[in-house]
Amino acid sequence: MRFDIKKVLELAEKDFETAWRETRALIKDKHIDNKYPRLKPVYGKPHPVMETIERLRQAYLRMGFEEMINPVIVDEMEIYKQFGPEAMAVLDRCFYLAGLPRPDVGLGNEKVEIIKNLGIDIDEEKKERLREVLHLYKKGAIDGDDLVFEIAKALNVSNEMGLKVLETAFPEFKDLKPESTTLTLRSHMTSGWFITLSSLIKKRKLPLKLFSIDRCFRREQREDRSHLMSYHSASCVVVGEDVSVDDGKVVAEGLLAQFGFTKFKFKPDEKKSKYYTPETQTEVYAYHPKLGEWIEVATFGVYSPIALAKYNIDVPVMNLGLGVERLAMIIYGYEDVRAMVYPQFYEYRLSDRDIAGMIRVDKVPILDEFYNFANELIDICIANKDKESPCSVEVKREFNFNGERRVIKVEIFENEPNKKLLGPSVLNEVYVYDGNIYGIPPTFEGVKEQYIPILKKAKEEGVSTNIRYIDGIIYKLVAKIEEALVSNVDEFKFRVPIVRSLSDINLKIDELALKQIMGENKVIDVRGPVFLNAKVEIK
C-alpha cells in the first residue's frame with residue numbers, strides 16, 4: 001500500500017527511533033495463503049536435453065568451433081562409401097524412408113456412375129477436368145494434401161463432397177502400401193560430416209573446426225533405460241594436415257572440463273568402426289568429483305583415408321561425438337533416459353518445496369476487518385498461552401456488519417486446574433521433509449527421544465510452510481464468526497483438543513501432493529496437544 005511520505009518524514013524528524021518502529025505497520029503482511037512458500041516465482045522451465053544442448057553449443061563456440069547443420073536424410077549409397085564392407089551391418093540399424101505410390105487411376109463409366117449417385121451432375125467438361133487432376137497427381141504435379149481440393153474444384157463441389165468422391169469412387173487409394181526408398185534417416189552424425197566436408201574442403205582454408213548438435217535415429221531392437229530410437233549427437237570435426245588422435249584428446253578435455261569433469265582416461269575402442277583409421281578409435285572416460293566415479297562420455301577417432309578419399313578429402317579429419325542424452329543424465333542425475341526425455345509419460349515427483357506450496361489454510365475470514373482481527377487474536381493467544389489455569393482471556397471488538405453495529409466477544413479459556421491456557425503444540429510449525437509432512441515445535445523440550453533426530457533433520461533441511469497450528473485454528477475460529485453473523489447466530493463454542501490430522505488445524509493439501517505422499521508411503525505426522533477452548537458471543 002502507498003503511505004504518506006510527508007507524514008513519515010515529519011515523524012522521523014521528531015523522533016527517528018520511534019518513527020522507525022511505528023512505520024513497520026505501514027508494511028502490511030501478505031494474506032496467509034499468499035505468503036511464501038505458497039507464493040512461488042513464475043518462470044519457464046527448460047527441458048534438460050535442450051539445456052544441455054545449449055551448454056554444449058556455448059562450450060564448442062568458446063573453443064573456437066563453427067556451428068554447422070548436417071544433412072538428416074542420407075542415401076544408403078553414402079553409407080556404402082563410408083563403411084565399405086561393414087555397410088550392410090550398419091544399414092540394419094537405419095530407418096529407411098518410404099512413401100505411398102501414386103496409382104494410375106482411370107475414370108471409367110463405373111466411377112462416373114458412383115459420382116452421379118452422390119448427387120453430382122457430371123458432364124463431359126467435368127470428366128475431362130477430373131481426368132486431368134488424376135493425371136497430374138500421378139505425375140507428382142499435385143501434392144497429396146491438395147488432391148481433395150483439386151477434385152472438388154474439378155467437379156465444382158464443396159471440399160466435403162470432394163472428400164466423399166475420393167472415398168467412394170476411388171477406393172484404390174485406401175489400399176496403397178508404403179514403398180521403401182534408398183533414403184535413410186541419419187543414424188550417426190558421421191554420415192553427414194562426410195557429405196558436408198566433401199563440399200567445404202575445396203572452398204575453405206584449413207584447418208577447419210566444425211561442430212553440429214542435432215537429432216539422429218537408430219533402429220534399436222527396443223528402447224530401454226539407456227537407449228532411444230531418436231537421440232541427439234553433439235559431434236565435431238577438426239580438419240587439417242597435421243591432425244591426429246591427440247587433437248581428439250585435447251577437444252575431449254576442453255569440452256568436458258566445462259561440465260565439471262576433472263580427470264580423463266582414453267581407452268582403445270574395441271568396436272573398430274571401418275570409417276576410422278585403425279588404432280585411432282578411442283573411448284573417453286572422465287571423472288566427475290560430484291558423482292565420485294569414472295564415466296564413459298565420448299568417442300573419437302581419425303577418419304579412414306579410404307573413406308575420406310571417396311569424398312575427395314585429402315587431409316586427416318578427427319571426429320569426436322557424444323550423446324547429449326547421456327551427458328544430460330549425468331548432469332541432472334537421471335537413471336532412465338526415457339523418464340528424462342519424456343517426463344510427461346512418467347510419474348512426476350514433487351519436491352519438498354512443491355509440496356509445501358500446496359499446503360494451505362482451509363477456512364480463512366473473507367472480510368479484511370475480520371482477517372485483521374484473526375491476526376490480532378493470534379498474537380493475544382501467543383502472548384497468554386502459558387497462563388496458569390483455571391484462566392481465561394477475553395477480547396471484545398466492535399464491527400460494522402451489513403450496516404449494523406455488532407459487538408464480538410471472544411473468550412479463550414481453560415477451566416481445568418494446574419494446566420496452561422493453551423497446550424504445548426500451539427506453536428508447532430508445519431514442515432515438509434523428504435516427502436513427509438511434520439509438525440515441529442520451536443524447541444524439543446518434552447519431545448520423546450526417538451522423535452528428536454528426525455524432527456531436527458526436518459527442521460534443518462526441510463521446507464517450512466510458515467504456518468503454525470495456532471494460525472490455522474484461529475483463522476477457522478474467526479471464519480466461523482463471519483458465518484455466525486450471516487446466519488444470525490448469537491453465540492457458539494469452539495474447541496480443538498488434540499491434533500491428529502491437517503484438517504484439525506484447518507489445513508488442506510492439494511490432491512497431487514496427497515497422491516504422491518500416499519503412493520510413496522510417506523507420512524503426515526502433525527499430532528500434538530493444543531487444548532484450545534473458545535466461547536464467542538455476538539451482540
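Keep in mind that glycine also has a Cβ here, set from the backbone N, Cα and C atoms.
With a cut-off of 8 Å between CB atoms and residues at least 6 apart in sequence, the same chain places Gln82, Ser235, Tyr275, Tyr303, Asn319, Gly321 near Thr190 (substrate binding site), listed in sequence order. Per Swiss-Prot, the feature substrate binding site maps to His188, Met189, Thr190, Ser233, Ala234, Ser235, Tyr275, Tyr276, Asn319.
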Helix, strand or coil: which one is Asn319 (substrate binding site) in, per DSSP? strand
Taking the Cβ of His188 (substrate binding site) as centre, how many other Cβ atoms lie within 10 Å? 22
Once the DSSP letters are reduced so that anything not helix or strand counts as coil, what is Thr190 (substrate binding site)? helix
Quick one: what's DSSP say for Tyr275 (substrate binding site), helix, strand or coil? coil
